[in-house]
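**Student:** Please find one structure pasted underneath; my questions will follow.
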Amino acid sequence: MACMSPAVSAPAGAGTGPGRRVRAASATGSTGATRATVLLRPARSTWAWVLAAAVTAALLLLVFRVLVTTQTGQLAEFMALEAATHRLEGLRGSTLTVLNRLPEIVGVAGVGVFLVLTVYRRRWFASLVAAMAFGAANLTTQLLKNWVLVRPDLDNGVPYYTGNSLPSGHTTFAAAAVVAVFLMVAPRWRPLTAAVGAVFATAVGAGTFIETWHRPADMVAAYLVAAFWGLVAGYVILRTGPDWNIRGTRTARHPHPGGHPLWDVALWVTGGAMLLGAWWGFESAGGTAALTAEPDWYSGWHFLYGVLFATGPGLLVFAALSGFFRWQSGRRRLAAPRD
């Protein structure tokens, strides 16, 4: 008959760094073979978190450099926004009301779910960290928009308006609220949370563009700001909450409905298709050759480009977050048998 041996403890003085595998317990069968449960610690690869945050920041600066500081970028954004302005005039009052209220609806819903999770799960420190990330994302957006990033007034005929508008504050608020909820749920629910949250966050992005409050690039930057602080807070939460940021052996073999990889696949495929659609719309409107500050008409293709570019990158950002957190969540699994 099989018997259980006591838990195996590490030798005195042995380290158990974030990348180490820790044997938690062992079981001896009738054949004498031993299969031990091995724990891969959450957030075990610090270098990966630093690299992911750096890449996110670099992408934000790249978006600003290409679409805000260049002639081509400013003209492309201007024509998309003007196309949205002409179509806004045909929208009915009820539609406009929904678009106006959408950021508030998503933000309030996110805060409500966050508070329920905080009270129900009693993860007080994790809740504090997630709330700080939410605040930091919104503060970062205001600092970048009003103090750090400067929109040049190029001699291309594009109206200067009020200066820089990147990132979008409304979209940051919605995306950061979704990220806060994403951080608070267990690993088996994060892919579904990312998928559903991405839909709501990008809906705000699309609505913000259709309402002509922001250019498409402003929304892309907002998603990246929320993701950056999600990574910073996520590292702290996974390192300080190893007991609940773990995927079990059974979950790895038979994915929980809320943690199935297909949620990530859906985000990658849909987001990628939207980016391709944005490029197709831009090229169908004449590409760079058709860019001018005084067009004879405003193409629906420019409007399509704007809507898809304001939403597609958001889906990809949440897909990347979900996949990264899946990889860096802790895992329990069976070690190879030993005689």
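Numbers here mean position along the shown chain, with the first residue as 1.
Yeah, the Cβs are placed from backbone N, Cα and C, and that goes for glycine too.
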**Student:** Looking at 1-28, 85-112, 141-168, which one is region 'Disordered' according to TrEMBL?
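**Tutor:** In TrEMBL, residues 1-28 carry the label region 'Disordered'.
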**Student:** Determine which recorded stretch among 98-117, 220-241, 262-282, 302-325 has the most C-beta pairs below 8 angstroms with the transmembrane segment (47-68).
**Tutor:** 220-241
**Student:** Count up the helix, strand and coil residues in the domain 'Phosphatidic acid phosphatase type 2/haloperoxidase' (127-234) according to DSSP, in that order.
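**Tutor:** Helix/strand/coil tally for the domain 'Phosphatidic acid phosphatase type 2/haloperoxidase' (127-234): 81 helix, 0 strand, 27 coil.
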**Student:** Apart from its near flanks, which chain residues at least 6 from the ends of the transmembrane segment (220-241) lie with a Cβ under 8 angstroms of it?
**Tutor:** 18, 42-43, 46, 49, 52-53, 56-57, 59-60, 63-64, 123, 125-126, 129-130, 132-134, 136-137, 140-141, 144, 166-172, 175-176, 178-179, 182-183, 201, 205, 309-310, 313-314, 317-318, 320-321, 324-325, 328-330
**Student:** Would the transmembrane segment (124-144) count as touching the transmembrane segment (302-325), i.e. at least 3 C-beta pairs under 8 angstroms with sequence separation of 6+?
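**Tutor:** Between the transmembrane segment (124-144) and the transmembrane segment (302-325), which are separate recorded stretches, there is no contact, as judged by 3 or more close Cβ pairs.
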**Student:** Which stretch, 98-117, 124-144, 164-185, tops the Cβ pairs under 8 Å count with the transmembrane segment (192-214)?
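**Tutor:** It is 164-185 that shares the most Cβ pairs under 8 Å with the transmembrane segment (192-214).
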**Student:** Mind checking which residues of the chain, 6+ beyond the ends of the transmembrane segment (124-144), have their Cβ under 8 Å from one of its Cβ atoms?
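**Tutor:** Residues packing against the transmembrane segment (124-144) from afar: 114, 117-118, 166-169, 172-173, 175-177, 179-180, 183-184, 221-222, 225-226, 228-230, 232-233, 236-237, 240-241.
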